[in-house]
Amino acid sequence: MAVTDTKAAAQSKGPQPGQSGDAMYLSLGARLANNKGWLGFWFMLPATAFLVAFLTYPLGLGIWLSLTDASIGRSGVFIGIENFVWLMDDDVFWLSVFNTMLYTVVASVFKFAIGLYLALLLNKHIPFKAFIRAIVLLPWIVPTVLSAIAFWWIYDAQFSVISWALSGMGLIDENINFLGDPWNARWATIFANIWRGVPFVAITLLAGLQTVSPSLYEAATIDGANRWQLFRYVTYPMLTPIIAVVMTFSVLFTFTDFQLIYALTRGGPVNATHLMATLSFQRAILGGNLGEGAAISTAMIPFLLSAILFSWFGLQRRKWQQGEGDD
Amino acid sequence: MSFNRRSFMKGSAAAAALLAAERSGLLDVAKAWAAMNPFKPEAGAELRLLRWKRFIQSEEDAFNAAVAAFTEATGVAVTVENEFMDDIQPKASVAANVGSGPDLVWGLYSTPHLFPNKLLDLTDVADHLGGEYGGWVDSAKAYGVNGGKWIGLPMCFNGNYINYRQSAIEKAGFKTFPDDNAGFLELCKALKGTGMPAGMALGHASGDGNAWVHWALWSHGGAMVDENDKVIIDSPESLAACEYVKELYDTFIPGTASWNDGNNNKAFLSGEVGLTNNGISIYTKAVVDGMEMAADIDHAVWPTGPVGKPTEFHIAYPIMAFNYTKFPNACKAFMAFMMSSPTYDKWLDGAVGYLTHSLNAFDNAPVWTDDPKRTIFREAAKRTLTAGYQGSVGEKAAAALAEFIVLDMFASVATGQSSPADAVKQAARKAERIYSR
């Protein structure tokens, strides 16, 4: 019946250009093989399966776990939003939210400012340009744990090279308590994150800078633009799409940072440097409470989604990308 | 078969371990043991063992020599993987959850109690070893048994005692080490005055940090829970302990709120502090490196507090086997061999006091008398209280330890973040959450 209908449908369309009359009577399989939509479906299937297996399923499972009292080795039962209700009244959780926001905002702003400045410098014709660019990338290339261990030594309460140098210069009487004081520890971890994240911003923005046509600068210069105006009205607008992408990634990486904190402070002192990611790990894996840990991770989603949506809508504004005003 | 640097290194290490086993006579011992072994390994058995990364090189060498002898005698290949001790529990937890990974895990404290139904029943091995070697110490039974069966074998403990410089306490006006809390505080105050202060970890240090803060709490009569796992930490005893720790912290070298398990070793060996709490590894390092201070280092048991009895908290090292293993008998045989004499004596010898036995018969092991400075560590397994103290030793106690509830309570008071009353209430709230699950 279906075959008859298909034939009828094919007949109703009539022969297509370049087709013989017999082609109208191809089998369903052969016709599907020539159907672009059907072929597209199969081409997309591996990517879809990949995304479902490694993105949708873990995300869904994480959200599901946050609604259960699952622990290590026990699947648990559905308890609704009890984990979230508990977290709403948990000082350590809110401290971790505050820490995460502070860490992300301060580190991202500094990474952008320093990264942009470095990119502009590296875009100039300077001696040993390629070598210097490679050097700038080093902090990004070094594994996070290794750089964290280096900072662990730099921030050591007794053997810090900074304390040693300042003490040697007679500027301080006793060692700086980098990681033992809550606020010192916050700034110290933020600094380490900035050090590590700047190359990513700088090199990506540098790549963006190199796509800006020199003719735009020549035209602006002929029009009498000074250096600031060149940056403000040529460089910055042309770089905006790249900035949107790079800062979205930078914010996401910073917000979800784990290794640096875990290696440097484990969230201490007195939870002063716990980020949502490290607290989630501590509660879920070390503490064995998968449900509560998953709830903390799930609580990160709205923040991450906001960052992504900000970038998405930013990228949709085509005129804004081109340096023009919005309608 | 590919041959690269990694396989060469692994091959070289295995050959060295086998050579060491042969030289020490362990190979013959293993062959004789294998002939009598009640746990016959499965044909073609291969084991993966995840253990905590050693703190004493000679301990690891002795361990690997015993493993090599076991493999040679039984034909069971054993791959040993090392991880930093804080990473053992997460890895074991993941293995338990996904049902795949190492056959054996040698972990810490009450890790087996996090997933008791995922572990092999080791009651027969425990009974066999207990019968052969004078029975298990009480703390080993507490850590090993769950629901009437053994789910892990506490192969040994790590004594965490006071490490001090004799010259430092003499300079502070003390001839002998004080044996009560009041005297200990006085000593620390005096040490601060001499420029060689004390220092104990108040960062998230799972070993040294947890050891001393639990001593502080328990020695004042405080506890997280009672015998029925009811949370009782919000008590006058806990408040008194907070006040005491605050006073103690004020005498410490600055920065201990950031210390992890390695900081105190560095600070002590570099002469920055004259007193800390640790295993015997500081002294061993000083001896091995030929440092002059080795002769000046000594060890003391924890002072007794108002509660009037020892309240020490030493690390337990239980080994466990997952029930997903294809070779349960090989797992049991491995455990039985490692804890049999003279294999275990040689291993204790290699550990030079860092590891304390959990089977009574090894009280007479030569390691405890070869050097008088080690003798104190012989009693660690018998003197220690267990995670959870009066309460159960299970997953709730493990979670409370992993979340540093007691440590953060004291750290927040010591660093001025909270008043003792607030810190105790905060700790009680966290504990309620864990114990009400």
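Keep in mind that glycine also has a Cβ here, set from the backbone N, Cα and C atoms.
TrEMBL annotations: computationally assigned, not manually curated.
What TrEMBL lists as transmembrane segment is A:41-65 (among others).
The feature domain 'ABC transmembrane type-1' is assigned by TrEMBL to A:97-313.
Same-chain residues lying 6+ beyond the ends of the transmembrane segment (A:100-122) with a Cβ under 8 Å from its Cβ atoms: 129, 132-133, 136, 186, 189-190, 193-194, 197-206, 208-209, 231, 235, 243, 246-247, 250-251, 254-255, 257, 275-277, 300, 303. Annotated transmembrane segment per TrEMBL: A:100-122 (among others), in sequence order.
Within its own chain, the transmembrane segment (A:134-155) is flanked in space by residues 118, 122, 161-162, 178-179, 188, 192, 195-200, 202-203, 259-260, 262-264, which lie at least six positions past its ends and keep a Cβ under 8 Å from the stretch. Annotation comment: TrEMBL describes A:134-155 (among others) as transmembrane segment.
Here TrEMBL flags A:187-209 (among others) as transmembrane segment.
Under the heading transmembrane segment, TrEMBL lists A:230-255 (among others). Sequence-distant contacts of the transmembrane segment (A:230-255) (same chain, six or more residues past either end, CB-CB distance under 8 Å): 100, 103-104, 107-108, 111-112, 115-116, 120, 193, 197, 200-201, 204-205, 207-209, 211-212, 216-217, 220-221, 300, 303-304, 307-308, 310-311, 314-315, 320-323.
Distant neighbours of the transmembrane segment (A:294-315): 62-63, 65-66, 70, 83-84, 87, 93, 96-97, 100, 241, 244-245, 247-248, 251-252, 255-256, 276-277, 279-280, 283-284, 321; these residues of the same chain sit at least 6 beyond its ends, with a Cβ under 8 Å from one of its Cβ atoms. Sequence annotations record features per position, and here TrEMBL assigns transmembrane segment to A:294-315 (among others).
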